[in-house]
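Novice: One structure, as structure tokens, below. Some questions next.
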Amino acid sequence: MLSREKNWGKNIVSWRGSFILIKFNEILSTTPWLFFRVACNYPLDEIPFIFSGVPCCVESMDPNHTIPQNISSLLDESRKVDPQLYDRYLRNRAIDEPACTALIAMYSVLIVLGALGNTLVIVSVIRKPAMRTPRNMFILNLAVSDLLLCTVTMPLTLMEIITKYFPLGNNVFICKIVGPLQATSIFVSTISITAIALDRYQVIVYPTKESLQLFGAVIILGLIWLLALFLSTPLYIVKQLNTHNISLGKGIDELNFCIEDWPFDHGRAYYSVFSLIFQYIVPIITVSAAYLRISYKLRYRFAAGFVSSDESSQKGRRQLRGRRLQRTNLLLGSIAIIFCISWLPLNLFNLIADLNNFPTTSQPMMIGYAVCHMMGMSSACSNPVLYGCLNENFWKEFKDILCISSEKNDASGGESQKLSIRNKFNKVLGRSKPDLVTGVTEYQPCNTASSDMTVLTKC
């Protein structure tokens, strides 16, 4: 699963009996067995769960058995068995302090850093027409999806982790849309990273082919979003909102549980395997293979360019290009490694938990899930660095947006104007300063037929 949904509703109701009898184990040797009768609004008959960390068992109950009219009084009785249970539901907290505060603080840091970085990337492309190149559209799309991860996925997932029941009210649509929103943003992010790798592969390994145009890039981006929506559709279908009229006092008269109700056994496990394949395995194999091929191609062209060179006259130029090649290989490898490390823990956690049917509502499991989820979400913070800050053109835009200027330019009054004239002159001649990271040319598409290594890494 991309975003683990906790079936909190099963902590109150079972799946197929009209009424259930929950018998809690003794908490203290002096505490007698306590029985709770819970009325359900639809057929249910068993409830295999661990309620608030206390083992329990369920027995069938005669539908004609007398139903307690005041369920809240039973909840009051529950405090005799587990004093923290009533308070947790009253505060709607599934994670105790200080873990809850620590999780909120760590998620807040990721949200702020990721939102700021991706907003800079988006503004850089929007504010300057020269930045709206076909390949920058992929980086823009990645920034948009990562911004959704920061502003939608992370807050909603944090909400699910720390709450006992659904806090967004008795609204079926909101319940159904939460999961797909989270999954869609994750799918778009990973597919965009894959598309960027394939685009660089095509331009560098096959430079004679026609370059991607803006219209083609927009079409590809549309297909990416449609594919992501399709992959997340099952979550919309299986989401259900269960509402139970239980008065807890202090204005709380009902509990809402947004759960997944799969129509077949092990449905969650099957979807976890499906997500693992399309959200992790396929992208990591594609990205790694593409960047390995690019690295090999660059090394080959770098070596071929100096076969007949005069070492005495070309030594400085060769060292410079060698450093650029190393930097390029390091960045390409970093992209693949960071992607692998970021998303591996979350995918493994989901797969293992679903295949083994672990009780994921326990606090240790939820905290473990939160740590794995934050590692995956950290990619939303690293992507602006890998695809934005390390891009010379984007870095210049970032400095302009943040009003950061170099002392050298400030000291020379006419330096900016000279650079502008020089850039325009280079544009006329079809020349542009190469960039080693993104393959994006600021003013004009690079000459893919050129044997210059830097130009190839810019394409």
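Just so you know, glycine gets a Cβ as well, placed from its N, Cα and C.
What TrEMBL says about a protein is an automatic prediction, not a curated fact.
Grabbed the feature section from TrEMBL, which reads as follows:
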DOMAIN    117-387  domain 'G-protein coupled receptors family 1 profile'
TRANSMEM  104-126  transmembrane segment
TRANSMEM  138-157  transmembrane segment
TRANSMEM  177-198  transmembrane segment
TRANSMEM  214-237  transmembrane segment
TRANSMEM  269-292  transmembrane segment
TRANSMEM  328-346  transmembrane segment
TRANSMEM  366-390  transmembrane segment
Novice: What same-chain residues lie close to the transmembrane segment (366-390): Cβ under 8 Å, and 6 or more beyond its ends?
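Specialist: Long-range Cβ neighbours of the transmembrane segment (366-390): 3-4, 6, 94-95, 99, 103, 106-107, 110, 113-114, 117-118, 120-121, 124, 139, 142-143, 146-147, 149-150, 153-154, 157-158, 161, 186, 189, 193, 196, 331, 334-335, 338-339, 341-343, 345-346, 348-349, 353, 360, 398, 437-438.
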Novice: Within the same chain, where does the transmembrane segment (104-126) have neighbours whose Cβ lies under 8 angstroms from its own Cβ atoms, ignoring anything closer than 6 residues to its ends? I mean 6 or more beyond.
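Specialist: For the transmembrane segment (104-126), the list is 132, 136-137, 139-140, 143-144, 146-147, 149-151, 154-155, 158, 162, 374, 377-378, 380-381, 383-385, 387-389, 394, 397-398, 401-402.
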Novice: Report yes or no: does the transmembrane segment (328-346) come within contact of the transmembrane segment (138-157), defined as 3 or more CB pairs under 8 Å with a sequence separation of 6 or more?
Specialist: no
Novice: Can you tell me which of 138-157, 177-198, 214-237 gets the most C-beta pairs within less than 8 Å of the transmembrane segment (269-292)?
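Specialist: Counting Cβ pairs under 8 Å, the winner is 177-198.
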Novice: Looking only at the domain 'G-protein coupled receptors family 1 profile' (117-387), report the model's average pLDDT.
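Specialist: Average per-residue pLDDT within the domain 'G-protein coupled receptors family 1 profile' (117-387): 86.
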